[in-house]
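For reference, the structure is listed below as structure tokens.
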Amino acid sequence: MPEVADTCSLASPASVCRTQHLHLRCSVDFARRTLTGTAALTVQSQEENLRSLTLDTKDLTIEKVVINGQEVKYTLGESQGYKGSPMEISLPIALSKNQEIVIEISFETSPKSSALQWLTPEQTSGKQHPYLFSQCQAIHCRAILPCQDTPSVKLTYTAEVSVPKELVALMSAIRDGEAPDPEDPSRKIYRFNQRVPIPCYLIALVVGALESRQIGPRTLVWSEKEQVEKSANEFSETESMLKIAEDLGGPYVWGQYDLLVLPPSFPYGGMENPCLTFVTPTLLAGDKSLSNVIAHEISHSWTGNLVTNKTWDHFWLNEGHTVYLERHICGRLFGEKFRHFHALGGWGELQNTIKTFGESHPFTKLVVDLKDVDPDVAYSSIPYEKGFALLFYLEQLLGGPEVFLGFLKAYVKKFSYQSVTTDDWKSFLYSHFKDKVDLLNQVDWNTWLYAPGLPPVKPNYDVTLTNACIALSQRWVTAKEEDLSSFSIADLKDLSSHQLNEFLAQVLQKAPLPLGHIKRMQEVYNFNAINNSEIRFRWLRLCIQSKWEEAIPLALKMATEQGRMKFTRPLFKDLAAFDKSHDQAVHTYQEHKASMHPVTAMLVGRDLKVD
């Protein structure tokens, strides 16, 4: 396979050298907001006569680099913004092809590391202890330690992490014991081992006053004690989802599958850190209705973590396949009509995102070109929903779900422990369906993969569960003022929370509505009393877009009480677009910026055109 350049990394590419293993020893300092320690990288040369190599770093202080007991020369290049600074290391001997060397780098992170959020005790549920969590995807691992920060390189890792003894440390690895810190009796060392090779964006660390509850034979749920019961209840379907996922994807190779419920500022719905999925507390709806996010993160154990996009241009390979598996898991649990309902909801989400970007925007392509583009800035639902739509279309073209799931399982088996591009995927698709090449040649590949805007074909969807949502939304959108008295709470009696959410999504596509309609909607349905985060989010967007001033404090509260970017960014954007709340939105952002996650703060600042 020709080497594909990773334009998001400044490190030596995988064709020059490959990191095979990391041994991390570090100490977590809450007072200084730093990680200090050593990263020992076992690197294998991929070429003859290798005399130097380059690693990614970002805002790191390097104390020294040691190889074979000797300090060696290194240079830290100029900072290149979001990409960080290249670190070139001179090797004491020229390496021959396949020769390995251990490079031990002493480093310290910056308090403003883009990979870490440091929470004060006041920002936690327990209010007693500080909290730290990392988020490395896409290219923030370099802000924790020097590495080849590209998904084209996979490594195993071991770690020893020293933390205050009243706290617990967890990583994206198997827990491997704990002991008092011999250098400081007020501290404890936690040990970890990840034996499956992973891209370094899956390295993860959390430190806090964490407790756990067992919810399955291979699953503990971890959180602060205030959330642990609620979380155990919310995610009780985890083991049944894992079993279905194994049936669809093949054996689960990671051993443990734990869940960590983070503080509200966690910027994503979930992060598929191996052995320890991170999830937002906004999933705690009380009725398990948002558990599709767990199905999604479980599915990444195959698509993403075992078979990985080679560069972030091909991110859709991770996310499209994972959404496809997620919806099959939910289909097995709740029926095929439910799978189609979510698939069609996803198509609506895709339409919304394309409308937001503009239909000729390059970020609406399935395969993107991230040369000089920060992956955090390009991030959207496109790789998820356009990717899913392509796979769903292929499923229907090639003979249905069982046939296409056969392909997916074979794809995972073929490319496990590797990193792949769209061309690798497409070649394998053609070889797997060699008897259906005529059908595959009907696909407008160029438009699907490389053109912006909506896909060339819309798949077929069963609309059984969606029809009620559309019908009710149509009633509201077409209602005249004199029709408003015809609405009542009985309208909702046969709708699930998933359908209620879809109803609001449908109305939101037609927003704004007359203010009288919105007030009547609140009067009969009392949406302000609903705490389900997805429903509340769409309801508050509808209120602000329809210019209901009374909703401003509620929308500001939701935008700041939690920091899941899916909710926080659109709420701030809507508030900024409404003249009555524009200044308040900017002021509230500036007030909260210092306590926000670094990536969230950066992106909301861009959205609001401040900073």
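Backbone N, Cα and C atoms are what each Cβ position is placed from, and that goes for glycine too.
Residues or ranges marked as N6-acetyllysine by Swiss-Prot: Lys73, Lys337, Lys414, Lys573. Annotation source Swiss-Prot lists Zn(2+) binding site at His296, His300, Glu319. Under the heading site 'Covalently modified during suicide inhibition by leukotrienes', Swiss-Prot lists Tyr379, citing similarity to another entry as support. Under the heading active site, proton donor, Swiss-Prot lists Tyr384. Taken from Swiss-Prot, the feature phosphoserine covers Ser416, and the record attributes it to similarity to another entry.
According to DSSP, Tyr384 (active site, proton donor) is assigned to a helical segment.
Taking every protein chain shown into account, Tyr379, Tyr384 are the recorded positions, and of these the Cβ with the most other Cβ atoms within 10 Å belongs to Tyr384. Per Cα geometry, Tyr384 is the residue among the recorded positions His296, His300, Glu319, Tyr384 nearest to Lys573 (N6-acetyllysine). Residue density at Glu319 (Zn(2+) binding site): 23 other Cβ atoms are found within 10 A of its Cβ, drawing on all protein chains shown. Distance between Cα atoms for Lys414 (N6-acetyllysine) and Glu319 (Zn(2+) binding site): 18 Å, as a whole number. Listed in sequence order, Val253, Leu306, Val307 are the same-chain residues six or more apart from Ser416 (phosphoserine) with CB atoms under 8 A from its CB. Shown in sequence order, Asp462, Thr464, Leu465 are the residues of the chain, 6+ apart in sequence, with a C-beta less than 8 angstroms from the C-beta of Lys337 (N6-acetyllysine). Remark: of the recorded positions Lys73, His296, His300, Lys573, the most isolated position is Lys73 (fewest other Cβ atoms within 10 Å of its Cβ). Counting every protein chain shown, the number of other Cβ atoms lying within 10 Å of the Cβ of Lys414 (N6-acetyllysine) is 14. Considering only the recorded positions Lys73, Tyr379, Tyr384, Glu319 (Zn(2+) binding site) has Tyr384 as its nearest partner by CA-CA distance. Sitting within 8 Å of the Cβ centre of His296, His300, Glu319, and not among those site residues for Zn(2+), are the Cβ atoms of Gly270, Glu272, Glu297, Ser299, Thr303, Gly304, Asn318, His321, Thr322, Val323, Leu325, Glu326, Tyr384. Looking at Tyr379 (site 'Covalently modified during suicide inhibition by leukotrienes') and His296 (Zn(2+) binding site), their Cα atoms lie 17 Å from each other.
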